[in-house]
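Student: Please see the structure below; I have some questions.
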């Protein structure tokens with residue numbers, strides 16, 4: 001589009017590329033008169049200023065001249081390092097060197113040198129690209145001179161004059177070889193000169209004798225190629241010649257309908273060649289393909305000179321016979337027409353009605369020009385991938401396209417985080433939790449951290465023994481796998497400067513000794529202490545708990561009531577008073593008593609109560625103590641809440657600290673329960689999503705998918721990871737099962753309660769809380785026999801007579817619901833469209849696949865995935881009804897359907913990958929990940 005305009009009939013020359021801002025020099029054109037028959041001439045310099053939105057260009061300097069110009073060039077040579085030199089060839093045969101700085105400064109010494117060596121008009125000028133002080137000129141009578149701006153008075157010739165003598169219309173220096181010069185005549189003959197030999201080395205001409213040469217240019221990159229333009233209306237073509245095959249043109253560019261007046265080859269992009277002709281057109285060619293890739297919107301006037309701007313490669317200037325110098329941009333834009341008569345003047349409003357301003361959208365080039373193509377590029381992609389490319393340099397003589405590569409590399413910035421995450425994943429998969437915990441104890445940075453890992457060590461050790469016991473039918477082996485309550489007791493922190501002596505506060509030293517004996521289950525020692533101190537009642541009561549033999553030994557003494565709270569609690573089993581009223585400094589003793597005596601049904605909520613009191617203390621010390629209580633109770637939700645209340649988990653390593661504890665505790669609880677654990681914790685979900693995102697950003701996509709919660713809020717992250725993880729890889733199961741919303745699917749229990757160890761299906765109840773729908777909190781039993789894990793004299797808990805479990809557990813109801821009692825809901829689709837008949841096979845195939853998988857699936861997690869897949873497929877069916885899918889996606893879906901029907905799921909996954917990689921993500925994101933999961937499950941189940 002046109003961006004600037006000057007009302008002049010002139011020969012033009014752009015300032016060299018290094019100069020800023022870009023300027024345009026105009027010399028009054030020879031052999032042209034305006035309507036006033038003015039014969040004056042001048043050399044003017046204009047500046048391109050795009051801050052000015054008008055079409056006007058700013059005139060910066062003017063120099064009156066005695067002659068008009070046939071040719072004008074602006075070279076970068078300047079001994080003073082300023083604005084270079086302007087060289088003009090005049091109608092009188094003179095070659096004049098001007099100082100642009102003097103013209104811009106209105107100085108009187110603007111003419112640096114002048115020679116009248118030529119005998120006729122100087123129509124051709126060009127400068128050497130390697131030595132800008134060398135200038136070639138061509139005139140009539142086959143005259144060609146080589147000028148050295150350092151010694152302007154003594155030019156040289158390239159060799160003997162060509163015969164027969166004729167005008168030299170064009171001279172051009174080779175762009176790749178500095179001693180090669182070419183000249184051309186209007187008759188269509190071109191001569192290539194070797195200045196080292198001072199003789200012509202090759203002559204080329206068109207055999208039709210209709211090639212009247214108006215322009216000649218060397219290829220910017222290929223040393224042996226040049227183009228010739230014909231002014232003859234009978235042959236309005238551009239011929240491309242290669243001197244290696246100089247018998248005929250290599251290529252002929254034909255699109256002009258009348259003779260070509262000028263050509264210009266972009267130095268910034270060899271695939272852009274300008275030409276202007278007598279057919280009032282300015283065309284931009286790709287000389288490699290011969291295609292016209294752009295046509296400038298010009299007025300109905302001949303343009304006798306077109307030139308690219310060296311400074312701004314998107315600009316070009318065109319000089320036309322109607323007295324205009326127009327500057328255009330090949331990058332497109334908006335063109336306004338407000339001068340329908342082409343006068344350049346706005347008509348007075350009273351003479352004729354003013355036309356409305358019309359705006360035309362001018363498109364840019366068909367392909368990006370070379371200067372806007374990135375030579376190199378880099379972009380970060382999902383999963384920590386870095387995509388880079390570079391455009392390799394091409395040898396000038398190479399015509400064949402070269403292979404270009406895009407490099408995809410993995411960028412990792414959290415090396416320690418990835419290593420620790422890999423160690424955690426290895427421990428989770430191998431089940432070697434105890435050794436993992438021992439390693440953490442050794443590397444723990446603080447005593448508090450060591451205490452937590454010691455408790456987790458006991459928890460994992462207990463779960464491992466219980467797990468092995470359930471897998472071993474040998475009763476002797478089960479008996480040998482018992483764990484003493486002293487294991488937990490021994491891990492309680494003992495090195496605290498502000499701690500009271502290790503005892504529950506009692507009235508005397510004897511009471512303290514009795515309490516310590518009771519804490520470790522030494523009934524006989526406790527009875528002896530009572531007897532020695534005259535406490536017969538306590539001795540009798542304790543002897544009852546110690547067995548028949550001990551009771552007989554102490555029944556001779558008289559039982560008297562004492563007020564010792566610990567003794568009373570042991571006898572009456574009233575532990576709520578202890579955990580609710582004990583001093584917080586004695587939390588260890590209270591916890592030890594719970595480990596020794598609390599019933600399984602009471603253990604978890606009592607530990608939580610003690611932990612809540614400690615957490616309410618608000619200090620980091622109390623919160624760490626509370627974490628130990630929550631580890632004992634198996635309350636993952638409270639552990640996360642308590643830990644994050646005092647620790648910043650925003651950094652990867654701090655988040656890894658939390659996830660390690662949560663995952664080890666979760667796996668321990670699952671082993672105790674021998675089943676899956678369900679946690680409904682927004683805090684944990686948030687942390688796991690954050691953890692998965694960091695893993696994904698470091699390239700561990702499969703690991704990220706294992707930890708990512710399966711919840712609707714994370715569907716976009718899940719889709720990204722599903723698409724990026726190879727279909728053949730083992731995706732694993734998300735660490736947190738999906739939560740079930742409250743509603744008729746899971747009615748809330750009438751009141752919160754405690755579940756016995758065998759009251760739930762699926763094995764022993766773990767130390768783990770379950771959030772029931774409707775807000776009821778159901779902490780499950782500890783899973784230990786009475787008296788703690790493996791306590792002496794402990795008996796297995798009998799499930800006889802235990803009432804059925806209340807509703808509201810984590811498990812989804814497998815039996816069909818009685819929908820008669822449910823309120824009738826309005827239909828979601830009113831007047832729902834039918835799926836087109838040609839696409840019904842998709843719904844039939846995919847729905848059948850879901851049903852087959854549901855019948856074969858055994859574990860609840862897979863069933864939940866299938867239920868979710870069945871729901872998400874409705875989005876596909878809706879798009880089929882609305883006919884909202886492109887033909888390529890529909891074709892891919894039908895191909896997947898055929899693979900599913902043939903039970904060829906691997907082929908179906910490959911087709912799935914092709915569809916995803918070639919489609920719009922927003923169009924397929926609702927259903928394509930589900931199809932991948934569905935085919936992966938079907939392949940695993942072999943249905």
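Think of each number as a place in line: the chain as shown, counted from 1.
Here the Cβ of each residue, glycine as well, is placed from N, Cα and C on the backbone.
Whatever TrEMBL says is automated annotation, not expert-curated.
For reference, TrEMBL lists these features for the protein:
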{"type": "DOMAIN", "residues": "514-642", "note": "domain 'Sec16 Sec23-binding'"}
{"type": "REPEAT", "residues": "115-157", "note": "repeat 'WD'"}
{"type": "REPEAT", "residues": "253-295", "note": "repeat 'WD'"}
Student: Cβ under 8 Å to the repeat 'WD' (253-295), counting only same-chain residues 6 or more beyond its ends: which ones?
Tutor: 175, 212, 214-215, 217-222, 227, 229-233, 236-240, 301-308, 310, 313, 316, 318, 328, 330, 364-367, 369-371
Student: Mean pLDDT across the repeat 'WD' (115-157), rounded to an integer, is what?
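Tutor: For the repeat 'WD' (115-157), the model's average pLDDT rounds to 93.
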Student: Just give the helix, strand and coil counts over the domain 'Sec16 Sec23-binding' (514-642), going by DSSP.
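Tutor: Helix (H, G, I), strand (E, B), coil: 100 helix, 0 strand, 29 coil.
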Student: Looking only at the repeat 'WD' (253-295), what are its DSSP counts of helix, strand and coil residues?
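Tutor: The repeat 'WD' (253-295) comes out at 0 helix, 23 strand, 20 coil.
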Student: Would you mind splitting the repeat 'WD' (115-157) into helix, strand and coil residue counts from DSSP?
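Tutor: For that range the per-state counts are 0 helix, 21 strand, 22 coil.
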